[in-house]
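Engineer: Here it is, the structure, as structure tokens.
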Amino acid sequence: MGLDQPQAWLLGLPTAAVYGSLALFTTILHNVFLLYYVDTFVSVYKINKMAFWVGETVFLLWNSLNDPLFGWLSDRQFLSSQHRSGAGLSSRAVVLARVRALGWHGPLLALSFLAFWVPWAPAGLQFLLCLCLYDGFLTLVDLHHHALLADLALSAHDRTHLNFYCSLFSAAGSLSVFASYAFWNKEDFSSFRAFCVTLAVSSGLGFLGATRLLRRRVEAARRDPGCSGLAVDCGLCGEELLVGSEEADSITLGQYLRQLARHRNFLWFVSMDLVQVFHCHFNSNFFPLFLEHLLSDHISLSTGSILLGLSYVAPHLNNLYFLSLCRRWGVYAVVRGLFLLKLGLSLLMLLAGPDHLSLLCLFIASNRVFTEGTCKLLTLVVTDLVDEDLVLNHRKQAASALLFGMVALVTKPGQTFAPLLGTWLLCFYTGHDLFQQSLITPVGSAHPWPEPPAPAPAQAPMLRQGCFYLLVLVPITCALLQLFTWSQFTLHGRRLHMVKAQRQNLSQAQTLDVKMV
């Protein structure tokens, strides 16, 4: 019996499109979460200040530790060459395991998202539990989704193709930010709650459908010797068994950490990425503040809201162009070019001064867009590090999720340093202490900064000048640090081609060994 038309059409979708759609089902939830979760608990549920800060502190610790924890639990079996039973480990089985995990964790992420918008416990307890549950499932989804980027494709061109679809669908998912403004009402929360239910149901069903389709693709490729339509580069063809039957000792966490400590490119990358994460979150924290003190007298409130909404969508759209450059010049060269562009634009803005309003508006917008775009390209670099880790340590299977988790462990402190260092610098330059105002809400809330009282006439120019120097000196410092660390990173060009070839040869040799047994 043949397939009906809708089912046949779905099966005809490119694998890259199915993989990229998973980013849509995450983004439609996460951007709304970032914008409204703080305002919901502070303004609607009336959480007290102590419970709020306790929840944020516990969340900070959990957010830092869960990436490597879940990565280790997911991939520790891949660090040794053999299961206890002695059976080999199939590369295709690894992909299937990750897809099944996404099929479970995606709908659970949608359920944990729903838990924010209905009061079901004391506000402080609900705040703490909701944050930890949501971030836990978000981490699991992100780890497995990113790990699939390394597992589904090997060549840089095909990984870029997969990432292209992720950016395309993420841009579409960011439109939920604009739709949310039509429903947000703190006095009448029912319409916004219904909007969130719609988002959660759409996301949960989307995860179930996309993972089911992706699983059928992988299973169909097992029966298809030509491997048509599985991975973009048919990277799983001929890799039915990547693990031989020879004995090997299990690797402990301590041994794995020592291996990472000897991985030179990993250390230089996380040094650079720590600065990048800091800069991304610095822009997110202070974007509304810069609009208020540098441009508020010259743009309307609605224009400011549109700029804030566009700042969520534009990085994804801009990334489509960056990815086309990556196919031509390579990720390393494009990222280096973005660092140079950041430095050049910041120096130009510093020389022009705060009174060139059109240039200032362009700089504030482009600074955030280019910085966020760089963050999204770095996922491709981590997949290359996965390949190098496999080759350097002679692993039988790439521990993709674990390496993504270790990168997050080292770089996530940048999220905390951004508001702390930014507010300290602002106070140092201007004497304006934001913490003396009402409660400051974290990154991405609907109103990330409180409405401060109007500064004294003598203080206003100093505050504006301080915000300007903060706006331009932070990118200059970040760009200089990143250009230095990035210059020490050697996994590009000839070395990258060598690592890719060695991984491909290793896979083919192991497959041949298994066939001869």
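FYI, residue positions are counted from 1 along the chain as it appears here.
Here the Cβ of each residue, glycine as well, is placed from N, Cα and C on the backbone.
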Engineer: Would you please say which range out of 40-64, 190-214 has the annotation transmembrane segment in TrEMBL?
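Structural biologist: So the range that TrEMBL calls transmembrane segment is 190-214.
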Engineer: Check each of the ranges 299-317, 356-374, 394-412, 413-431 against TrEMBL and return the one annotated as transmembrane segment.
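Structural biologist: Checked against TrEMBL: transmembrane segment maps to 299-317.
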Engineer: Would you confirm whether the transmembrane segment (124-141) and the transmembrane segment (16-38) meet the contact rule of 3 or more C-beta pairs below 8 angstroms, pairs 6 or more apart in sequence?
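Structural biologist: By the criterion, they touch.
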Engineer: Can at least 3 Cβ pairs under 8 A be found between the transmembrane segment (16-38) and the transmembrane segment (162-184), with each pair 6 or more apart in sequence?
Structural biologist: yes
Engineer: Between the transmembrane segment (190-214) and the transmembrane segment (468-486), do 3 or more CB pairs sit under 8 angstroms, pairs being 6 or more residues apart?
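Structural biologist: These two segments do not touch.
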